[in-house]
């Protein structure tokens with residue numbers, strides 16, 4: 001018997017080479033992928049990091065995503081402001097503008113169900129006291 005391959009063996013060898021080539025190409029492609037494992041306790045910001053990475057490195061959010069996240073962002077903003085106002089009282093920090101304290105305390109105690117419109121957001125941004133930033137540092 002000779003040193004040549006039969007037709008079946010030649011076909012098997014060609015398939016094997018094609019598979020090896022595909023595996024090598026897939027390996028090169030996979031090596032370019034960056035995978036990130038985010039570990040952390042619940043509510044520690046893992047999903048927030050993923051969303052920020054999507055905004056920065058992909059096409060951002062679709063119109064539907066924006067509509068879905070808008071109330072969540074407003075709610076988080078209000079809850080954070082309420083926590084800052086409560087912490088300022090707890091820590092004994094003074095407001096830079098004493099006239100704004102009653103407004104900020106009232107806002108903090110109402111849980112901000114009214115913050116669903118764009119104009120309300122602008123209103124809140126315009127009324128925040130500069131000293132509240134001291135509490136967040």
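Cβ atoms here come from the backbone N, Cα and C positions, even for glycine.
Note: TrEMBL annotation is automatic and uncurated.
Here is what TrEMBL says about this protein:
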- 43, 44, 45, 46, 47, 48: GTP binding site (BINDING)
- 47: Mg(2+) binding site (BINDING)
- prompt: When a 10 Å sphere is centred on the Cβ of residue 47 (GTP binding site), how many other Cβ atoms does it contain?
  reply: 10
Field: Tertiary neighbours of residue 43 (GTP binding site) (same chain, Cβ under 8 Å, six or more apart)
entry: none
Message: Around the GTP site formed by 43, 44, 45, 46, 47, 48, list the extra residues of the same chain whose Cβ is within 8 Å of the site's Cβ centroid.
response: 40, 42, 49
Task: Kindly assign residue 43 (GTP binding site) to one of the three DSSP-derived states: helix, strand or coil.
output: coil
Task: Provide the number of Cβ atoms within 10 Å of the Cβ of residue 46 (GTP binding site), excluding the reference atom itself.
output: 14
Query: When DSSP states are folded down to helix, strand and coil, where does residue 48 (GTP binding site) land?
result: helix
